């Protein structure tokens, strides 16, 4: 069995028609991709969580952004800011 880095595997999968791999090499490559899938699943989930967190950060208002309260359930200002005078301003100490 051939041992390749994941990036090389993806390049080889994309270039498969050009390389014209034989049936055995193709089957070995596909088997290796299937066997490596459980290893990469946690990495894929972690990347998805990071993307979700970045999406949530974009959904909030940054400093001096307007913060309309007409969207119920939507966090209008980012963490550390509060909505005052219709804009997201620095949170005043408690």
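Glycine too: its Cβ is placed from the backbone N, Cα and C atoms.
The signal peptide annotation in Swiss-Prot covers 1-22. Summarising the annotation, Swiss-Prot assigns disulfide bond to 60-78, 67-83, 77-88. As annotated by Swiss-Prot, valine amide applies to 92, with the evidence given as similarity to another entry.
Taking the Cα of residue 60 (disulfide bond) as the reference point, the closest of the recorded positions 67, 77, 83, 88, 92 is 77. Sequence-distant contacts of residue 92 (valine amide), defined by Cβ-Cβ distance under 8 angstroms and a gap of at least six in the same chain, are 82. Reported as a whole number, the C-alpha separation between residue 83 (disulfide bond) and residue 77 (disulfide bond) equals 6 Å. DSSP assigns residue 83 (disulfide bond) to a strand. Residue 78 (disulfide bond) sits 8 Å from residue 88 (disulfide bond), taking the CA atoms of both as reference points. Each residue contributes its Cα atom, and for residue 67 (disulfide bond) and residue 88 (disulfide bond) these two points are 6 Å apart.
For the disulfide-bonded residues 60, 78, 83, 88, counting C-beta atoms within 10 A of each C-beta gives the highest total at 88. According to its DSSP assignment, residue 88 (disulfide bond) is in a strand.
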